[in-house]
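Per TrEMBL, these features apply:
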type     : residues                                 : note
BINDING  : B:156, B:182, B:193, B:280, B:404, B:409 : substrate binding site
ACT_SITE : B:193                                    : active site, nucleophile
């Protein structure tokens with residue numbers, strides 16, 4: 001059961017002029033599920049992306065990087081579930097290339113104008129034939145109003161599709177930002193998550209788009225973790241179709257740039273948090289805030305140590321205020337000269353630890369009350385500097401084990 | 001159910017001349033369990049230890065370091081379960097000091113001649129009164145043949161006591177090495193585990209003992225992980241009572257030094273592996289070997305990434321050869337310039353991956369056969385250098401979640 005997350009109302013997902021989705025069933029791994037999606041872009045769109053830092057990055061990620069680096073205008077994205085095409089060596093690269101060529105052929109494009117994305121089981125051969133056989137149906141289905149279908153079409157172990165949409169006014173024009181994401185396990189993105197697609201019709205200098213997507217990832221997908229396993233296929237793409245009709249944004253710090261940035265961040269954050277809310281087996285949504293660090297890096301070390309600790313995560317699952325486990329995680333986070341005698345710990349509004357020790361006034365009932373909530377903020381103050389950060393995670397339940405022990409069967 | 005681990009036969013545990021254990025029930029947390037142990041050492045023994053690197057180290061760990069640094073001869077160790085006395089601030093330190101003073105008073109020692117050890121729940125006040133009330137019974141029970149009782153007396157979530165013993169001949173004299181350990185969760189020792197106690201009657205230059213215990217930890221307790229959570233209380237102590245009657249070992253590289261070192265390593269490794277075999281919820285014992293690294297550090301990064309991955313661990317639990325998860329873990333291990341195209345993966349004798357991709361000859365049935373075993377070796381060859389390492393871990397099962405969701409109840 002996802003934590004306070006509902007399937008998006010398709011009517012709430014504003015189409016983005018210049019972007020059409022075609023979603024179909026190709027039987028990549030299982031029959032009768034939407035597993036193949038195509039995004040067709042009007043000419044003139046700009047595309048930027050961030051990709052997994054996993055050294056075992058999947059063949060499609062390698063091709064995305066290659067095609068984006070070529071500087072050729074991207075006109076289509078091709079996404080399959082059911083097979084990650086990772087750990088597949090040179091053969092996997094050739095297979096990914098073959099699917100790009102097939103779609104390019106049908107659309108009258110060059111292969112490098114297609115960006116491929118795959119998600120699913122690692123280390124199995126991509127079924128090129130089934131994918132190419134499904135392409136005509138995907139193209140026939142192209143529709144600007146298919147964001148909801150697309151959110152469903154990229155799911156794997158997700159229990160619920162994830163989408164978000166905003167409209168803002170820029171220089172008197174309505175500008176749309178709409179996105180979808182997927183992911184529920186192998187989630188500890190490091191640059192992006194597997195997978196996020198966002199589009200806007202904003203008019204923005206193409207050179208700014210990479211900066212915007214990187215900043216957005218850093219404020220959203222790079223702040224979440226479910227199991228600490230960085231995927232081989234993480235990809236987060238931002239498309240700007242440039243069709244909204246306002247004067248081009250030439251700086252993200254301009255008034256218009258800030259409006260767009262905030263809208264992009266808001267959608268990205270909602271999509272990223274949706275992944276945590278639908279984390280495999282999740283019963284709780286947990287924000288881990290670490291403040292008082294000397295720099296953000298050490299705040300992140302502590303926040304991720306807490307967010308990855310199986311002991312902390314099982315305590316949340318049990319609603320057990322066994323909060324010493326949080327202190328232990330801070331202690332082994334790798335902050336070499338940390339002084340435990342400075343640490344404060346709050347659980348929502350409950351002040352649990354002061355100067356490294358349990359407060360005399362802390363009552364277990366108060367911790368218990370917060371632990372029973374479905375949304376909880378853990379706040380650790382290192383009290384040694386001005387920096388802070390927040391990451392979002394979920395608990396570790398029996399269902400996580402069940403899902404991952406059964407994933408392939 | 002521990003993995004291929006039986007309770008030690010008390011008769012197999014050779015006493016170490018100069019070492020006596022007294023074990024009793026003090027009701028530290030629960031009634032009717034052995035939870036308080038004292039080691040009394042004859043005069044002339046040397047003691048060295050390694051302790052947790054967790055910055056939130058427990059009060060007793062802080063006192064151990066202080067007392068060892070004082071250079072005063074250690075004559076007693078005091079160990080309680082049921083309460084870790086960690087995350088307890090200045091009050092915890094005062095309470096640990098009070099227990100040392102109480103034992104010292106009964107034994108006619110100075111407080112700094114006592115090393116304290118605590119294990120159990122974090123962030124609760126140590127019940128000094130119950131511990132001091134139990135000391136006379138522990139002292140009355142002192143016995144050189146109580147290693148088996150002591151192994152039981154230091155257990156927390158362990159399901160089985162852990163002990164090992166060896167005898168070797170050094171210069172015509174029989175030398176004994178005997179040890180006990182405990183631990184089943186919050187296990188990712190970084191210098192030592194919580195807790196290991198070993199003693200030998202070997203005659204060894206006291207200056208060598210710290211080096212020997214550090215090397216032994218590095219070959220044993222520093223190579224295991226259950227959940228990646230480094231405890232606040234990890235402590236591993238090696239005692240040399242100097243009573244075996246042979247000429248003193250002045251170098252660990254001498255013939256006699258090597259005999260002793262191998263015996264110490266063998267006992268330490270057996271104790272460390274016993275902790276993994278009894279890992280919370282463990283159903284499989286897994287050795288993760290990484291070879292072909294440029295240095296041992298990068299081999300460790302990869303080995304621990306595999307050993308900590310919840311996805312890898314649940315696949316082992318399910319006996320599912322979903323081995324791409326192992327590649328993904330190697331990929332995010334943090335080896336910045338790793339070339340995936342060089343990687344080989346073996347599962348026991350089955351060659352699964354070559355040059356970063358699944359071998360055409362690999363058959364899923366072969367992977368399945370190995371995954372069903374209770375003991376499995378994962379071997380990743382990075383093929384870029386001469387270094388290698390091995391760490392030991394266990395799988396992640398439903399019982400891990402159950403145990404850690406229920407630990408305090």
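Heads up, the Cβ atoms here are built off N, Cα and C, so glycines get one too.
Those binding-site residues from the list B:156, B:182, B:280 that have a Cβ under 8 Å from chain A Cβ atoms: none. Around residue B:404 (substrate binding site), the same-chain residues six or more apart in sequence whose CB sits under 8 Å from its CB are B:185, B:280, listed in sequence order. Remark: residue B:156 (substrate binding site) has B:81, B:82, B:119, B:120, B:182, B:183, B:184 as non-local neighbours, by Cβ distance under 8 Å and separation of at least 6 in sequence. Just so you know, the Cβ of residue B:280 (substrate binding site) picks up 27 other Cβ atoms within 10 Å once every protein chain is counted. Residue B:182 (substrate binding site) falls outside any helix or strand according to DSSP and counts as coil. Residue B:156 (substrate binding site) falls outside any helix or strand according to DSSP and counts as coil.
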